[in-house]
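Participant: Checked TrEMBL, it gives:
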{"type": "DOMAIN", "residues": "1-55", "note": "domain 'S1 motif'"}
Amino acid sequence: MSCFISRHSIPSEMEFDPNSNPPCYKTMDEDIVIQQDDEIRLKIVGTRVDKNDIFAIGSLMDDYLGLVS
């Protein structure tokens with residue numbers, strides 16, 4: 001299953017850094033860094049089922065959501 005998370009559904013204190021290797025979202029103090037293949041906890045707000053796959057739309061805006069450490 002793949003999940004899309006809009007920029008509007010990511011906390012405002014997290015900024016995208018395209019220059020890091022690999023590109024990631026991180027807080028200004030770099031306390032939290034989320035990059036590709038990290039495990040995150042998210043809220044699923046919608047789904048779509050195709051013949052071969054499930055697609056979801058998610059959010060990181062509630063308490064206890066984000067990087068799983």
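In case you wondered, yes, glycine gets a Cβ from its N, Cα and C as well.
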Participant: Along the domain 'S1 motif' (1-55), what average pLDDT does this model show?
Facilitator: 95
Participant: With DSSP helix as H/G/I and strand as E/B, how many residues of the domain 'S1 motif' (1-55) fall in helix, strand and coil?
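Facilitator: Its residues divide into 3 helix, 26 strand, 26 coil.
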